[in-house]
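What Swiss-Prot annotates here:
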type    : residues                          : note
BINDING : 113, 117, 118, 119, 361, 362, 363 : (6S)-5,6,7,8-tetrahydrofolate binding site
MOD_RES : 222                               : N6-(pyridoxal phosphate)lysine
SITE    : 221                               : site 'Plays an important role in substrate specificity'
């Protein structure tokens, strides 16, 4: 069969872009050759509906072992009693959690998308805001941080069945123990979505949700540095609070409802090549080298936030505890969209992002979100953060000057072109 030169030329073009540029999108990272090898393996040919030992297809002896390894490694990595490695994405993991815990119309309490939450935490354009009744908490206008007393007030008033502790653009650690107190006070299930800080949490560098939250979900890329996919965890299994029973009349455990919500409730055949890649990534994350990486990632984020503050940029909440920061650009007289477009021309990729109490649309925004996961994988350290912030500042203060932008692009290429994609 003739090689598809059009597609493979574009893949090479994208590889060149990744090698020569600065990747600062907080949700992106680079995987190891071994993770890519597993994701591109013959396992993509295998259908395996069901779970290990309970498949609807023959010939699953090998993939059963692979999936069980992925499950066992995920449980070891996070100290969990239960893991489901089949969700194709974080959004589908969250969908399964909702289906297992809720009925249509039930009230959910989540982090407002415009303050740093995620689409699947109740946004009206998402299934979570259409099938359920969403109410929201946000950050304090002065501090840019969560106000747990205010969250308690909202929970007491609205009586949600599910409380979501998680974010896509919040740079501070979360107090899961306080969230659990709030959830218990109203009889709600506490569900943590740790898709962004999962790698830091797994290595003990941020608060651990597993002892406090009934259910935890995460993506397997971002700071976990695995393939794109989802994962559901529980520290301990428990009887489902809805009182649903088996055909024999026994109360179903939540693990059973979660498994059923993933398959057949939400998905058909699992992606065995991606599950194998997840297993490889979990194995990498269990090693000491990953702890070194996670610590450096956090140090880089702090150094970058400090450098931005010194140059007069407004970091929401004043800094960061994790791998990212949300920058309000209103005092710089540039929109998030303008900043993103100018930086992309300079081969620096960030994403425009709404900031709390934003007065611009989601297509324009007043801010950008910046993260250090990918550049840390490439071997950059604290001293490089000042250089990067200086380059960003140069672009943003000259965002209509094509000559300056081209000059910065050359500096970026010089900084990055000789660095490996995967340094750890």
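The first residue you see is number 1, and the count goes up from there.
Any Cβ shown, glycine's included, is placed from N, Cα and C.
Locations of recorded Swiss-Prot features on the structure.
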residue : record                                                  : DSSP class
113     : (6S)-5,6,7,8-tetrahydrofolate binding site              : helix
118     : (6S)-5,6,7,8-tetrahydrofolate binding site              : coil
221     : site 'Plays an important role in substrate specificity' : coil
361     : (6S)-5,6,7,8-tetrahydrofolate binding site              : coil
Expressed in Å to no decimal places, the gap between the Cα atoms of residue 117 ((6S)-5,6,7,8-tetrahydrofolate binding site) and residue 221 (site 'Plays an important role in substrate specificity') is 18
When each of the recorded positions 118, 221, 222 is scored by other CB atoms within 10 A, the minimum falls on 118
Greatest Cα separation in angstrom, residues 113, 117, 118, 119, 361, 362, 363 binding (6S)-5,6,7,8-tetrahydrofolate per the record, works out to 17
Local Cβ density at residue 363 ((6S)-5,6,7,8-tetrahydrofolate binding site) - other Cβ atoms counted within 10 Å: 10
Within a 10 Å radius of its Cβ, which of these binding-site residues (117, 362) has the fewest neighbouring Cβ atoms? 362
Least surrounded among the binding-site residues, given as 113, 361, when other CB atoms within 10 Å are counted: 361
Specify the count of other C-beta atoms within 10 Å of the C-beta of residue 119 ((6S)-5,6,7,8-tetrahydrofolate binding site). 16
Rounded to the nearest Å, what's the C-alpha distance separating residue 362 ((6S)-5,6,7,8-tetrahydrofolate binding site) and residue 222 (N6-(pyridoxal phosphate)lysine)? Just drop the number here, would you? 22
